[in-house]
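Everything below concerns the one structure shown next.
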Amino acid sequence: MLLWSLLVIFDAVTEQADSLTLVAPSSVFEGDSIVLKCQGEQNWKIQKMAYHKDNKELSVFKKFSDFLIQSAVLSDSGNYFCSTKGQLFLWDKTSNIVKIKVQELFQRPVLTASSFQPIEGGPVSLKCETRLSPQRLDVQLQFCFFRENQVLGSGWSSSPELQISAVWSEDTGSYWCKAETVTHRIRKQSLQSQIHVQRIPISNVSLEIRAPGGQVTEGQKLILLCSVAGGTGNVTFSWYREATGTSMGKKTQRSLSAELEIPAVKESDAGKYYCRADNGHVPIQSKVVNIPVRIPVSRPVLTLRSPGAQAAVGDLLELHCEALRGSPPILYQFYHEDVTLGNSSAPSGGGASFNLSLTAEHSGNYSCEANNGLGAQCSEAVPVSISGPDGYRRDLMTAGVLWGLFGVLGFTGVALLLYALFHKISGESSATNEPRGASRPNPQEFTYSSPTPDMEELQPVYVNVGSVDVDVVYSQVWSMQQPESSANIRTLLENKDSQVIYSSVKKS
């Protein structure tokens, strides 16, 4: 009887065990939620309930409860079942086993690069490659790239590619990428890849001069441009003056060229220059460049030179213009009251002259202008007053001399006439009173009578008009004689008592 009772109880327990069921999805994808539901009779009390995976207890409850896996991963794949324990040991129950397989939503990403040994300064393209499951092509992914735990670019992006415009030697290191769903449930990381950036030595260093107008001018800005034809990375540029050998300046930048500026060039800055460039390899030097500094002309000085103490009509006036500073060639312009007279150049610097034959209209202000292409400078005005014509003064002096001679000759003629009359009267008186036997007078004594046709005409024996350098401008010497007859002309010419008239006019 007892045995029969035990068989009845065992049959009842077995019947209840068959009623404990585990409900779970058999196939899920990464990131999906998994709900395990253990179902059984609720008319009897349980001491505990548990969920198991591969014979390992996952979770224990005091009543029937669901077991939730929020986001499935591949490791969640396995055999699941649930169990209950009643108040009596005969009430222990175990559910059916459900095999769950978690499928991969997308493959583990792989980092690829356009080059894993790029040239410094060149671009690099990174790509995070993966593939979605054909059953879940509608899932959206986002990507992020890293170098040595540093996020590259703008961070997470829907694009699986990253373009780096230029990489440098310091960009050498380990790179990887991550891919995740936009819901952030599944995130996968690629393996790390090593990228080594190659540096290229610099080559062909050159020094170039840049100045306003293409020429270096005192007081203006000068730029010394040092450049390299090739090379990568940070380049250190330095500038030198050959005469001193000391560095004028230094710049380090990631560029193929750099500038050194001289704000205001001085005349002493003229000379030879060169530059050097270095990017960590052997420094390279440029060729030496000679830099001439052109000097603008200073304010010129105008000097006037004339033959006499005062300029006069007919004089040759020399206008000399000179700028004490200024690079040649210098062009000089000469002006009379803002009217251009002419120009003259000084190819080697210094001053220049311009000659002007003066007329009465040349009185006024004179000035000059100097220009060597770097700006014109004008001198101060110099006033000039022109006196009367020199030829006119000479004519007046000549006329005065002639009038003076005529006056002297007239006075002399009157005196000679009175002298002749006086001697004639005296002779007649002597002849009347002279005895008949008286002897004739001495042949050397003169008896003046009226002039006869044979009387020798007055002739000048010396005439001279002095040159400009002699004070005497006109002189005459006259010899006046009244011989009794042509026979004694020689005797009279040899007579020391002959009357001689000298006259001369000197320049006042």
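In case you wondered, yes, glycine gets a Cβ from its N, Cα and C as well.
Among CYS38, CYS82, CYS177, the cysteine that Swiss-Prot records as disulfide-bonded to CYS128 is CYS177. Here Swiss-Prot annotates a disulfide bond for CYS368; of CYS275, CYS321, the partner residue is CYS321.
Your range for motif 'ITIM motif 2', going by Swiss-Prot and the list 34-39, 142-147, 460-465, is 460-465.
Between CYS226 and the candidates CYS82, CYS275, Swiss-Prot annotates a single disulfide bond, the one to CYS275. ASN355 (N-linked glycosylation site) sits 52 Å from CYS275 (disulfide bond), taking the CA atoms of both as reference points.
Between the CA atoms of ASN343 (N-linked glycosylation site) and ASN234 (N-linked glycosylation site) there is a gap of 56 Å, rounded to the nearest whole number. Around the Cβ of CYS368 (disulfide bond), 29 further Cβ atoms fall within 10 Å across all displayed protein chains. Here CYS177 (disulfide bond) is compared against the recorded positions ASN204, CYS275, CYS321, ASN365, CYS368, and the shortest C-alpha distance is to ASN204. Within 10 Å of its Cβ, the residue among the glycosylation sites ASN234, ASN365 with the fewest other Cβ atoms is ASN365. Restricting the average to the domain 'Ig-like C2-type 1' (20-98) gives a pLDDT of 85.
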